[in-house]
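Per Swiss-Prot, these features apply:
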type: DISULFID; residues: Cys56-Cys106; note: disulfide bond
type: DISULFID; residues: Cys150-Cys202; note: disulfide bond
type: DISULFID; residues: Cys256-Cys301; note: disulfide bond
type: DISULFID; residues: Cys343-Cys390; note: disulfide bond
type: DOMAIN; residues: 32-123; note: domain 'Ig-like C2-type 1'
type: DOMAIN; residues: 128-223; note: domain 'Ig-like C2-type 2'
type: DOMAIN; residues: 234-317; note: domain 'Ig-like C2-type 3'
type: DOMAIN; residues: 322-406; note: domain 'Ig-like C2-type 4'
type: DOMAIN; residues: 412-499; note: domain 'Ig-like C2-type 5'
type: DOMAIN; residues: 504-598; note: domain 'Ig-like C2-type 6'
type: DOMAIN; residues: 605-703; note: domain 'Fibronectin type-III 1'
type: DOMAIN; residues: 708-805; note: domain 'Fibronectin type-III 2'
type: DOMAIN; residues: 810-907; note: domain 'Fibronectin type-III 3'
type: DOMAIN; residues: 911-1003; note: domain 'Fibronectin type-III 4'
type: CARBOHYD; residues: Asn71; note: N-linked glycosylation site
type: CARBOHYD; residues: Asn199; note: N-linked glycosylation site
type: CARBOHYD; residues: Asn456; note: N-linked glycosylation site
type: CARBOHYD; residues: Asn472; note: N-linked glycosylation site
type: CARBOHYD; residues: Asn493; note: N-linked glycosylation site
type: CARBOHYD; residues: Asn520; note: N-linked glycosylation site
type: CARBOHYD; residues: Asn770; note: N-linked glycosylation site
type: CARBOHYD; residues: Asn900; note: N-linked glycosylation site
type: CARBOHYD; residues: Asn914; note: N-linked glycosylation site
type: REGION; residues: 599-608; note: region 'Hinge'
type: REGION; residues: 889-915; note: region 'Disordered'
Amino acid sequence: MGGTAAFICTSLAVIICVVWCQAQSGMRSYGPVFEEQPAHTLFPEGSAEEKVTLTCRARANPPATYRWKMNGTELKMGPDSRYRLVAGDLVISNPVKAKDAGSYQCVATNARGTVVSREASLRFGFLQEFSAEERDPVKITEGWGVMFTCSPPPHYPALSYRWLLNEFPNFIPADGRRFVSQTTGNLYIAKTEASDLGNYSCFATSHIDFITKSVFSKFSQLSLAAEDARQYAPSIKAKFPADTYALTGQMVTLECFAFGNPVPQIKWRKLDGSQTSKWLSSEPLLHIQNVDFEDEGTYECEAENIKGRDTYQGRIIIHAQPDWLDVITDTEADIGSDLRWSCVASGKPRPAVRWLRDGQPLASQNRIEVSGGELRFSKLVLEDSGMYQCVAENKHGTVYASAELTVQALAPDFRLNPVKRLIPAARSGKVIIPCQPRAAPKATVLWTKGTELLTNSSRVTITADGTLILQNISKSDEGKYTCFAENFMGKANSTGILSVRDATKITLAPSSADINVGENLTLQCHASHDPTMDLTFTWSLDDFPIDLDKSEGHYRRASVKEAVGDLAIVNAQLKHSGRYTCTAQTVVDSTSESATLTVRGPPGPPGGVVVRDIGDTTVQLSWSRGFDNHSPIARYSIEARTLLSNKWKQMRTNPVNIEGNAETAQVVNLIPWMDYEFRVLASNILGVGEPSLPSSKIRTKEAAPTVAPSGLGGGGGAPNELIINWTPTLRDYQNGDGFGYILSFRKKGTQGWLTARVPHAESLHYVYRNESIGPYTPFEVKIKAYNRKGEGPESLTAIVYSAEEEPKVAPFRVTAKAVLSSEMDVSWEPVEQGDMTGVLLGYEIRYWKDGDKEEAADRVRTAGLVTSAHVTGLNPNTKYHVSVRAYNRAGAGPPSPSTNITTTKPPPRRPPGNISWTLTGSTVTIKWDPVVAQADESAVTGYKMLYRQDSHSAPTLYLASKSRIDIPVPEDFTHAFVQIRVTGPGGDGTPAEVHIVRNSGTSMMVEDSVTRPVPHAAIITTNSLAMVALIRYLEL
């Protein structure tokens, strides 16, 4: 007994001290919680920065103090030490690799306990110079591949590499023919060319934060032996490792580069899966972003040219750093109770978990059991309080989780949770009265009514947690109820008064119903209740409460009367099927009634779509039935989509019509070597239901091509060339990997066929060169496709002509006639088609001023077989030389003999002036001063007049040989616009415009300048002869 009493006294003293200290501080005390922890740091050797700072800051009350460990040993701080503590940060002055490289850990402590931070490494970055030794020259046959070894100097961390050609900064670009490995730094040239001659140097760069350092090697000379460059199959030289390890979330880069002539094309594939959107492929490099375990597997790179192919395979193996799935949290536990804590971490390899208490390793002892990720306490004591950490680690990293354990010893206290003072209860109902004092250890609870001690009976229940439950309540149960609580720390009680009210009853319950999708329904619910209390109604569907404000308009209250709780269901959907419960409740009781609503509609989505028996054009699909939604399923349909389109398309099946009791069908007429997803839809008399989830992606098997390439044609090019063009075959029709084209061609009229294989699906032309090919020679050409599974059908034979030759014959009898001051007509006799070695496209007219060279001539081309042309844009009163040439796709032929023309003088620039008009009955007479041509102008042969009633009507042209004209006007004439201009050999002159308004009398416009047109309208009015003339000079 003496030991127990001493323990209780010690516990009371600790509790009183803790409570008093908290009251004095005004806030709860707690152990250190890290807000900033040290991070891995890379310090560049030779940096101008003279210190390194490792950060550490913890939230704690009282504030934490800090210590630091290096490689597990505590660092000593002092005024003369290179280590300083600034708040919680560790500052290392003049860091040196030999002394300071290592692992650092921050330790934070206050009165509540101690925690340690994650470990952070301090490493030193460096890059030494390349070796000073001269590098051997390299000699290779032109057309063959070559590799230059970088052999970088010692360094940390990894470098980036480029190569110099002859001098800085002439860097070699990565252009498909040349490749620089960022793993080794080596330079690869797939096929050497004459332009590759020169001296090569490896240029290595280190990037550490904002500090960049570069070094370059001695130059190595490349010389080429000139020979006829023969073609050869690819050979992969730059390879990614056989096993590439990566952590989840990282980006993986695989390198693959091959020698070959022609330069090989690189393709990537995953042998045990398909390409994903995370792939970024740029031929020699495959980048996979944000890798996960699904990216693990075997990858293949393929190098291919027209001479063959080479492949290489390697695996990507994905590991993961530790990551918490379940961690400990701050816990308050009663003295004498048991506690189990668990920490669970994921990672690959699987992490090991260890435990720390106040920064020190924790092992099993007495009441404490440590078992991997579990920590168990039996019969907690106050001394178990403190800071605990679980640490999960594998070879890729370490994670820490921290929590504070507070062991409590408290006398019962009702101040936070007293028994409710007034406890209303419904007659014949049930009442629950909690008793929840704060106490540690848990208190023993007794209940009394007045002075009567309550015990369990048919109507009275006291639960293990001290809650009092009274059932079948009557008026006699009213009175005072008191809860008494006691533990070894003390005792307390709390009292409430029970008041009995009338029970709530549902007088009209909802009825079950069946409806179709889209219909409306009202579920009825009426109730009676104690008039001294408010009544409310709530509804639930399958025990989930219905929120009328968030029902998208499908639910609403059907009445505002207090005793009526009817629920209106609007535009019912399948999701509205289920068991509806109406609950009428007051503050003291509630009562419920339920009914079932069945909503019939289209079937639900089928489940579990599985693809099997995959062929080249067929697959077998199976699925499981979905909900029929209370209407039998009549039939199924199957849809699919490919990697080429996101649009779902209905597929043909076997059987054609899939009955509603089926759970499997064959999909036919698929495209070979195509990635597909499938989904299944069910339908009944009410419509087509939602589709199933897509199946997993599959790829149909490969097959030989079944369609010949289209768009076969060609022609053009250089002399002695036959160019054959076609439309590249779409992915839909390639049917397999290794796709390409086989061309067959021969001179028309000969027997033997020449063939050529053109790899790559995107190819679209082939050039055949031979000195024996004459110009515009017809060839018979056929094409078919091939892939790894075989060859497809040949196309129909097309006629393609070799390159054309410029016409050898010139047009003749060329004539040119000046039409106006700036225009001429040219005509000629055509060349004979038989004289052409190509297709005549038309004729080219060249014209140049007398005194200019023919090379400066302007040119106009006609299309087709026309033998005349109208040329505009000439200078007036100018002599021109004109010649004509025939042209085709190869160019223009020889010129015809040139002919000469001289354009006429321009028309008079001055418009007609002193215009007057007289309106008499249905005729308007217009007069003007004659225009006299100047010496540099063409003669005046007459006048043109454009007459229109308004700005929207079509004009009428009148011709006059003299300076007056009579124009008939309609009886309803109100006004008109008239333009007058001179005409002659040089064309039409500048117009004058008159606006005529109907009225008796005359009107006149007098020109005020010889050289300038009137800029504004002039309006002239007289008394009874109201006359208006609106005159403007406009150029048509």
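Glycine too: its Cβ is placed from the backbone N, Cα and C atoms.
Structure with Swiss-Prot features highlighted.
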residue	record	Cβ neighbours (10 Å)
Cys56	disulfide bond	26
Cys150	disulfide bond	21
Asn199	N-linked glycosylation site	15
Cys256	disulfide bond	26
Cys301	disulfide bond	27
Cys343	disulfide bond	25
Cys390	disulfide bond	28
Asn472	N-linked glycosylation site	11
Asn770	N-linked glycosylation site	10
Asn914	N-linked glycosylation site	12
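Within 10 Å of Asn900 (N-linked glycosylation site), counting C-alpha to C-alpha distances, fall none of the recorded positions Cys106, Cys150, Asn770. Here the domain 'Ig-like C2-type 6' (504-598) has, by DSSP, the following mix of helix, strand and coil residues: 6 helix, 46 strand, 43 coil. Mean model confidence for the domain 'Ig-like C2-type 4' (322-406) is a pLDDT of 95.
Distances between the Cα of Asn493 (N-linked glycosylation site) and those of the recorded positions Asn71, Cys106, Cys256, Cys301, Asn520 are shortest for Cys106. In sequence order, Ala568, Ile569, Val570, Asn571, Ala572 are the residues near Asn520 (N-linked glycosylation site), counting only same-chain partners six or more apart with C-beta under 8 A.
Panel annotation: around the region 'Hinge' (599-608), residues 514-517, 572-574, 576-577, 622-631, 633, 636, 680-684, 686-693 of the same chain, lying at least six beyond its termini, place a Cβ under 8 Å from a Cβ of the stretch. Calculated from their C-alpha atoms, the gap between Asn472 (N-linked glycosylation site) and Cys301 (disulfide bond) amounts to 80 Å. Taking the C-alpha positions, the distance from Cys256 (disulfide bond) to Cys202 (disulfide bond) comes to 20 Å.
Its Cβ taken as reference, Asn456 (N-linked glycosylation site) is surrounded by 10 other Cβ atoms within 10 Å in the chains shown. Among the listed glycosylation sites, namely Asn71, Asn493, Asn900, the Cβ with the most fellow Cβ atoms inside 10 Å is that of Asn493.
For the pair formed by Asn199 (N-linked glycosylation site) and Cys106 (disulfide bond), distance between Cα atoms is given as 53 Å, rounded to the nearest Å. If you draw a 10 Å sphere around the CB of Cys202 (disulfide bond), it holds 26 other CB atoms from the protein chains shown. The Cα atom of Cys343 (disulfide bond) lies nearest to that of Cys106, taking the recorded positions Cys106, Cys150, Cys301, Asn456, Asn770 as the candidates.
On its own chain, Cys106 (disulfide bond) has Phe34, Gln37, Pro38, Leu54, Cys56, Tyr66, Arg67, Trp68, Gly88, Leu90, Val116, Ser117 as residues at least 6 apart in sequence with a Cβ closer than 8 Å to its own Cβ.
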